[in-house]
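Reviewing the structure listed below.
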Amino acid sequence: MSEEETILYPPRAAGNLLKRLAYIALSVSFISVSTTLWTDAGYLNIPVLTLVWALLLASGLLLIAATAIKPLRPNRRIDRIFRRKDIVGKILNKFSFVALALFFISTAESLAGTGVHGFVMAVSESALVVVAIALLLVSLSVKSGSRQMENLYLVLLLAGVAFLFAGIVSVLPQFGTDEIAIETYAAYLTLHGIDPYINRNMAGVFSFYHVPFYYLTPVLTGGFVHNLNYPGLSVILMMPAITGWIHSNYVLVFFNLASYPLLFYYYRRKNFTLIFPYAVLILFLNYNWIYYTAGGLTEIIWLFFLAASYVCRNRPLMSGMLYGLSLSSKQTAAAVLPFYLYFIYMEYEGSGRKFMQFILAGVMSFIATNLPFAIMGAGQWFFNIAGVAGQPIIGIGLGPSILSFAGFLPLNRIVFYALPVILTLGLLIIYIGHYSSMKYTLFAFPAIAFTFYYRLLLNYLVYWPFLILLLLPDLMEAVRSLPPAPERAGLSFPRFSPAEMLTERKIGVAAVLFILIGSGMAAGYGYAVAQHNPLRITGIDSYGDPFNIPGEITSMNVTVSYSPSASMEKEIPVYFRILINGAVVSANGMLWSAKNPVIRQGNTTLTIIPDTRIDYVPMRTSFRLIAYYGNLQAVYESAGAYISGIIPIYNPLMLKASYFNTSLPIGWYREGKGAGLKELAYVPGQMELGIKSGGGDTGFQDIKLINKGINMAYLAIEGYSINYSIRISSSGNSTGTHLSASGRLVSFYGAEFSFGNGSMNIMLGFNSSASYSLRQLAPDTLLIISNSTVINFTEVARIALGEQWNIGNATFMYLVGGLVTSNSISATFYGFGIRRV
């Protein structure tokens, strides 16, 4: 029997299969829609969040519906639709080629829209278009269902995805998550003979790789997670990146690319490749299937090994070894452990020998990849690996745990660590009791359990549909082997009734009671713990914007009350996060802190400021301020605030670093001209600008730090001035700005204003031994040299208006420059201040 006849015969089997594919596609779509809704609505929009939670549960139930074994029900209309198997096969194949071509064209357009240029990006965009054209041409010429078409589809798919990854990785930062940075640094330490499971050894990971703060995971007791909590294989697989063979992200790309041939191999083995293109398209319904891998989320590794274990399950040693590797790459694979072990046991038809081979092979592969680390320090290794699920870290994500960590309900976080365990045990009872009809639902249950996890992020949900798609051939084989059900009139869909499943046997009722009672006990305990909370925010006394960021709140005076019991610490540090009533900017919320965060019994007023640029709070936006330390949490609701009298110059004191590049102050950017090496060293409130020898360049070279966020007219009318201190370090003239005898500018240290998009300039040069002088350096450039480091906006505007220049489009900058041939020049600017004259 041909493949088309196997899949599409009897006709009712074809209709049943396509409906199951539709359920899986709808499940994937629900996950994507849920993420979009949560991202747009934020943490505080309960009506939208309720819809999100309903969609997440529906997504999991759809996966169960897609995998439940139900008898095929004859239907005359379905039979007529699928009677012509050759026509159906042709339509399906051509549709899949066209759909994949459109996907690659749209992704090429998205890459072009990033504005990033370069060789890799240009090649990626062009290659994606070429692959798309090839898919369209092939869809018109190749015979439906031929092995040549199947092989060509796989080759074009792999080529397109590989070029897509190349383009995305070239846009994203080297480490898009703290997880991959930690694993890579752990590999670095291991290769240098240092135990990465000793937490103090990992303390330098983020400074070593310059990972931005907004990628880090805050700890409830202060600081960020830097310790290694993942098993040994996660470290071993990153070693090629340390030796310089490949980028860390390409380790993940390899496993993503390998997942397609694995799925294709299993489908071909099961004579099921006609459906392979649709399985791929379903995966692509959630773009994070690609983006997460490129961005540094490592879930694809455990997924690949678990899928390979399933494919090889008829070989106990190989299957067990692969599942052990899955567990050794990340503990997430343990979510399916009880279901998978029972499935494997039943697959071996009660053969204890084969089952023990599977268990021993899994244990041995896990031990083999972790033994070197256990030898270095077994205690710390075990503590880190076993404690990953209950780490004291802040709650994030789109699950119902928002009710706890956002302060809507007084529930301790332990509730949302217990609920997934209780659900897993209850679902296991159902799985065992209904194994004959739910044999292939084993990969759907973790998606439901994870919905109630304390830190539910999309990466805990997006990968299970791949495993559901993988087992479809076995599922349809089981469905076809059942006696047909009675015919139902009209076009009908297979129905999945949770009530029927749970009440069919007493064991189902027992499982439901177990889940309800267990969940109630956990919620009751969490509520009781939350009642003994000595921490409270009594109010926000004032709002401010000391960083002069227009439209943002960058400071608050907060009063916190602490009433510890006799057994509690008498003084504790408190940390803050803000959840705004708006779109999610960062899953962590907005992190704020005080210079001295320690509070004692009674009321303490703290001045808190945002940790990074991403943490600024927009004015006139309501929010929840959350104070926390360990298991203690206090919440205060604010309707928002508006701060008047903001000085219209962006971050003039350079106190805050840029969100995207911490080596620059927020609101400022650098430029330079000449062949010399430009150097800029920035710490909050201070910067050093310098130029090294220009390699024979005899022209004037400079380096500038530029601020376009300036309202020159307002600053001039209101009489503002900026002052700074300067320290010059130069192998040439060290007094400051200097002209040659012919009037040529030899060196410059100071500030500059540009008007009319840079066509007109006023340069304010500092020279410690010069008195005030004004001269015309070029037709549209004026140079002022003085020993003053006070910049008076009113005076600068008067000079510019005297030249009949429009000051409405002004740019302000600090500048160091000169004729750098065999020497170097540099200056440090510090001690910035701004005031009204």
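Keep in mind that glycine also has a Cβ here, set from the backbone N, Cα and C atoms.
Long-range contacts of the transmembrane segment (21-39) within the same chain: residues 48-49, 51-52, 55-56, 58-60, 62-63, 65-66, 275, 278-279, 282-283, 285-288, 398, 458, 461-462, 465, 468-469, 472, 583-584, each at least 6 residues beyond the stretch ends and with a Cβ under 8 Å from a Cβ of the stretch. TrEMBL lists 21-39 (among others) with the feature transmembrane segment.
For 51-70 (among others), the entry in TrEMBL reads transmembrane segment. The list of residues near the transmembrane segment (51-70) in space but at least 6 beyond its ends in sequence, with Cβ under 8 angstroms from a Cβ of it, reads 20-21, 23-24, 26-28, 30-31, 33-34, 37-38, 41, 398-400, 436-441, 443-445, 447-448, 451, 461, 464-465, 468, 471, 475, 478-479, 482, 485, 494, 496, 498, 501.
Annotation comment: TrEMBL describes 91-112 (among others) as transmembrane segment. Here the transmembrane segment (91-112) has Cβ contacts under 8 Å with residues 121, 124-125, 128-129, 131-133, 135-136, 138-140, 144-145, 149, 153, 156-157, 160, 164, 167-168, 171, 274, 277-278, 280-281, 284 of the same chain, all six or more residues outside its ends.
According to TrEMBL, the feature transmembrane segment maps to 118-140 (among others). Residues 93-94, 97-98, 100-102, 104-105, 107-108, 111-112, 149, 152-153, 156, 159-160, 163-164, 166-167, 170-171 of the same chain sit 6 or more residues outside the transmembrane segment (118-140) yet have a Cβ under 8 Å from a Cβ within it.
Feature annotation from TrEMBL assigns transmembrane segment to 152-177 (among others).
Beyond the transmembrane segment (252-268), the same-chain residues lying 6 or more positions past its ends with a Cβ under 8 Å from any Cβ of the stretch are 150, 154, 157-158, 161-162, 165, 169, 180, 275-276, 279-280, 290, 293-294, 296-298, 300-301, 303-304, 307-308, 311, 466, 469-470, 473. Feature annotation from TrEMBL assigns transmembrane segment to 252-268 (among others).
If one looks beyond the transmembrane segment (289-310) by at least 6 residues along the same chain, the residues whose Cβ comes under 8 Å of a Cβ in the stretch are 161, 164-165, 168-169, 172, 175-177, 179-181, 183, 230, 233-234, 237, 248-249, 251-253, 255-256, 258-259, 262-263, 283, 319-320, 322-323, 325-327, 329-330, 332-333, 336, 340, 458-459, 462-463, 466-467, 470-471. According to TrEMBL, the feature transmembrane segment maps to 289-310 (among others).
Beyond its flanks by at least six residues, the transmembrane segment (322-343) meets 230-234, 237, 298-299, 301-306, 308-309, 312, 358-359, 361-366, 369-370, 385, 388-389, 420, 424-425, 427-428, 431-432, 435, 439, 442-443, 445-446, 449-450, 460 of its own chain at Cβ-Cβ distances under 8 Å. According to TrEMBL, the feature transmembrane segment maps to 322-343 (among others).
Under the heading transmembrane segment, TrEMBL lists 355-375 (among others). If you look at the transmembrane segment (355-375), the same-chain residues 6 or more away from its ends with a CB under 8 A from one of its CBs are 190, 195-197, 231-233, 235-236, 316-325, 327-328, 341, 344-345, 348, 381-382, 385.
Sequence annotations record features per position, and here TrEMBL assigns transmembrane segment to 381-402 (among others). Sequence-distant contacts of the transmembrane segment (381-402) (same chain, at least 6 residues past either end, Cβ-Cβ under 8 Å): 34-35, 38, 43, 49, 52-53, 56, 197, 199, 217-221, 225, 227-231, 331, 370, 373-374, 408, 413, 416-417, 450-458, 577, 587-589, 628, 630.
As annotated by TrEMBL, transmembrane segment applies to 452-472 (among others).
Annotation source TrEMBL lists transmembrane segment at 507-528 (among others). Long-range contacts of the transmembrane segment (507-528) within the same chain: residues 404, 410-415, 418-419, 422-423, 425-427, 429-430, 432-434, 501, each at least 6 residues beyond the stretch ends and with a Cβ under 8 Å from a Cβ of the stretch.
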